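Asker: One structure is given below, represented as structure tokens, and several questions about it will come after.
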Amino acid sequence: MSPNSELLQYAGQDHVVLGVCIPGVVLLVAVAYLQWNPASRAHLNRVSFRLLLYALVANMVFGSLPFIPVQETSPTCSFKAFIDRTTFMFSVCMFFCMAINLVFVLVYGLNGNRLEKYYILGSLFLVGACNIPVWASGALGCVVLSLNSGDELRRELSWNAVYGTCWLRADERELQWLIGTKTVWLIIMTLLEVLSFVQILVFMVRTQLRIRRLRTDTGSGNLGRTDSESGIGTLRSSLPKSPIVRYRSMIIRIGLYPLLSCFLTFTSSFTDVYTIIHVDFTEYYNRLKILGMFTYTLRPLLYVLLAAVDPSFLRAIRALRPGEPSGGVQTKPWGLSMSMPGLPQDSSSASADSIVVEGTCKGPAGEESGQQRHAAKETGTDDEDEMQVASIARQI
């Protein structure tokens, strides 16, 4: 394949980038309206959704850079390459913070709202530490190559056709800058996202087993009495459902983010490193370049699709319909207080409730008194549980 034919293959790249950026702009406008509307504003008050918006804005800036014309020999070319790298890495950092925030809140009981500022400051520090030295050293700018050698000519045409001229300069340190300031950090964050997802799944399974043991212990301790005599029917009805059922939307969301990020990061990192090490006009080389181009180009669109199916965004849209509640998170207790660290109740306190009910349920009069006391206690803690659940929902 000749250089001219390859350039023709990438001639429509700007049109593709424009097509995938339009949905992101539409989504940001929709989020701005939902945030402005009092009926839907409370549903968007969640840490991970705000982090998702930060990542989406960074991706929109990243996707709009190809439309900014700059002269290859001007200082603006170096600055454009700097913005390109920083916006891309910042969006990856935001998705990494979303993954670890779920672990910090659900597993370790930390306050996600307080951690949000540290997520942003830490991401800005990492992005600056990885990109400012590269920019200050003059490693960013136009790919300047001599046209005397045929290999160098092919290198310039091929590189410019896919990634543009404003990038890492083609010299002996190009691969070192790429791996040390970008590839390694992206892979580390991606692996930690996957580990966070696995840790959340393990936590869910352990919580489910704990609830099953609680139900089994509650039933086995009252084999001599019926549910109506012991009040166990009331207690069983108040026990939380399986966490896998309760958190299914959250599990899907935290599963899609790291898996998608893992695929995009590893693919783009592999194509970047390979196209620097191996410079040849083979069919395999050209296909890898096309894959790398679409990996970077389609990233904003894929993140827009994830944001469009986010539970907070969907609840905010439903809140605009007449008759829908607009008071924020509307949900029943999930049983978080029975299993989440950092909350006032756990499984032992729930077992204590069953002991109180069993001890007071002796005879018809005792049964009525025990059930009344249990119902009164359950009613008295409903508001507190609702507040705890709503608070946790805003932190994840």
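Including glycine, each Cβ sits where the backbone N, Cα and C put it.
Annotations in TrEMBL come from automatic prediction, not curation.
These came from TrEMBL, pasted as-is:
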- 16-36: transmembrane segment (TRANSMEM)
- 48-68: transmembrane segment (TRANSMEM)
- 88-111: transmembrane segment (TRANSMEM)
- 118-147: transmembrane segment (TRANSMEM)
- 184-205: transmembrane segment (TRANSMEM)
- 250-270: transmembrane segment (TRANSMEM)
- 290-309: transmembrane segment (TRANSMEM)
- 344-396: region 'Disordered' (REGION)
Asker: Kindly say whether the transmembrane segment (48-68) and the transmembrane segment (184-205) touch, using the definition of 3 or more Cβ pairs under 8 Å where each pair is 6 or more positions apart.
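Answerer: In this chain the transmembrane segment (48-68) does not contact the transmembrane segment (184-205) - fewer than 3 Cβ pairs sit under 8 Å.
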Asker: Answer yes if the transmembrane segment (184-205) and the transmembrane segment (88-111) have at least three CB pairs under 8 Å among residue pairs 6 or more apart in sequence, and no otherwise.
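Answerer: These two segments touch.
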Asker: Do any residues, 6 or more residues outside the transmembrane segment (88-111), come within under 8 Å Cβ-to-Cβ of it, and if so which ones?
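Answerer: Sequence-distant neighbours of the transmembrane segment (88-111): 47-48, 51-52, 54-56, 58-59, 62, 119, 122-124, 126-127, 130-131, 182, 185-186, 189-190, 192-193, 196-197, 199-200, 203, 250, 254, 257-258, 261, 265, 296, 299, 303, 340-343, 392, 395-396.
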